[in-house]
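A.B. asks: Let me give you the structure first, and then I'll get to my questions.
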Amino acid sequence: MAKKDYYEVLGLKKGASENDIKRAYKRLASKHHPDKNQGSKEAEEKFKEINEAYEVLGDDQKRAAYDQYGHAAFEQGGGAGGFGGGFGGADFGDMFGDIFGDIFGGGGRGRQRVVRGEDLRYDLEITLEEAVKGTTKDIQINTLAHCDSCGGSGAEKGSKVETCPHCHGSGRIRRQQGFFVSESICPSCHGSGKKIEKPCRSCHGEGRVHKKENLSVKIPAGVDTGNQLRLAGKGAVGENGAPAGDLYVVIHVREHHIFERDGSNLYCEVPISFAIAALGGEIEVPTLDGRVKLKIPAETQTGKLFRMRGKGVASTRSGYAGDLICRIVVETPVNLTSEQKELLHKLEESLQGKDLSKHAPKSSGFLDGVKKFFDNLGKSDK
């Protein structure tokens, strides 16, 4: 089945900005996260698709390659790879090294290929508080670890491990036809360069077995959804004692019930009473460090923004903290008593008349506009 266009997966058009890509990824990853759609295979596949798209479009170099060549840029070792299928693949450096080595003196001659293990991915969901302040999380991964029975050699204890007679230990078979030389993986030893007399029964000669492994991951302060933490050597081990790949921990920050995050800034809505909005006063607003007092000037309207500097998220690069931006929402009183309603009626009456433009300029302007509209409408009918 043909792969979907990565831009379409994220609901974007080609040429979308870096921020657009990040916002789309955060929104879709949160919507289709397996924890929110337990048991849904469709959501799980969609989540993988979204992450694969962001893995490419969220990286400038990979995105440039994708824009030019499409999915072909990442097939057969084209560069992007994928978490689910491993980050490995053919290495262009090795490929060209073999070609030019053959032409200019056989640089790759007799060299044994050591193929390291696959890179792994782990999706980790954390709270906003943990993302802002940093934390340590214990995780469990499914991986390929060294076989305890054979110590990773792939051979039964006491069994001989000899040099492969077909490739003489290089792990590669070379064939020459006229001026052309081709090289391929040795079919006898599968590239290991060794022949095992009796393969280990526990790992069937691979030198590695499936295991669950517990790890402790340190999350630095300031991480955001889509950030990746690389744990070198914590991926799957390679066959027959080859080194391990890396583990990539991909961060997903859970939605917060009060704050919204945009980069290093935090946003929240702060409701205030009708009286405080009109007369002014002092209120308490929440921050991730605790409650902070905020002075509200008289005649504050809904939508007014107050910036609290340094109360946002510290950048992982610069270390400087962003701001907390509070948006005021004037709350209309409800469940009023008869006495309270009477007081509001009196207030309304006192604000009407000639002084309306002074006390309620927007209402006055709106009413004047409505009057002019109907006056003009009446003239056009005549």
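Along the chain as shown, residues are numbered 1 onward.
Positions of Cβ are set from backbone N, Cα and C atoms, glycine also.
Note that the structure is a prediction, hence the values are computed from the model and not measured.
According to Swiss-Prot, the protein has these features:
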- CYS147, CYS150, CYS200, CYS203: Zn(2+) 1 binding site (BINDING)
- CYS164, CYS167, CYS186, CYS189: Zn(2+) 2 binding site (BINDING)
- 5-70: domain 'J' (DOMAIN)
- 147-154: repeat 'CXXCXGXG motif' (REPEAT)
- 164-171: repeat 'CXXCXGXG motif' (REPEAT)
- 186-193: repeat 'CXXCXGXG motif' (REPEAT)
- 200-207: repeat 'CXXCXGXG motif' (REPEAT)
- 134-212: zinc finger (ZN_FING)
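Can you walk me through where each of these features ends up in the structure?
C.D. replies: Taking a C-beta cut-off of under 8 angstroms and a sequence separation of 6 or more, CYS203 (Zn(2+) 1 binding site) has the following same-chain neighbours: CYS147, SER149, CYS150, GLY154, VAL209.
Every protein chain shown contributes to the tally, and the Cβ of CYS189 (Zn(2+) 2 binding site) ends up with 24 other Cβ atoms within 10 Å.
Within the same chain, residues 161, 192, 196, 199-203, 205-209, 237, 239-241 sit at least 6 positions outside the repeat 'CXXCXGXG motif' (147-154) and bring their C-beta atoms closer than 8 Å to a C-beta of that stretch.
Mean pLDDT for the repeat 'CXXCXGXG motif' (186-193) in this predicted model: 74.
Within the chain, the repeat 'CXXCXGXG motif' (200-207) has long-range Cβ neighbours (under 8 A, six or more residues past its boundaries) at 146-150, 152-156, 237, 239-241.
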A.B. asks: Determine the most Cβ-crowded residue among the binding-site residues CYS150, CYS164, CYS186, CYS200, using a 10 Å radius around each Cβ and all protein chains in the structure.
C.D. replies: CYS150
A.B. asks: Quickly jot the same-chain residues contacting the repeat 'CXXCXGXG motif' (186-193) by Cβ under 8 Å, restricted to those at least six beyond its ends, or write none.
C.D. replies: 112-113, 115, 154, 163-167, 169-173, 239-240
A.B. asks: In whole Å, how far does the CA atom of CYS200 (Zn(2+) 1 binding site) lie from that of CYS189 (Zn(2+) 2 binding site)?
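C.D. replies: Given the Cα positions, CYS200 (Zn(2+) 1 binding site) is 15 Å from CYS189 (Zn(2+) 2 binding site).
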A.B. asks: Which ones in the same chain are close to CYS167 (Zn(2+) 2 binding site), with CB under 8 Å and 6+ residues apart in sequence?
C.D. replies: ILE173, CYS186, SER188, CYS189, GLY193
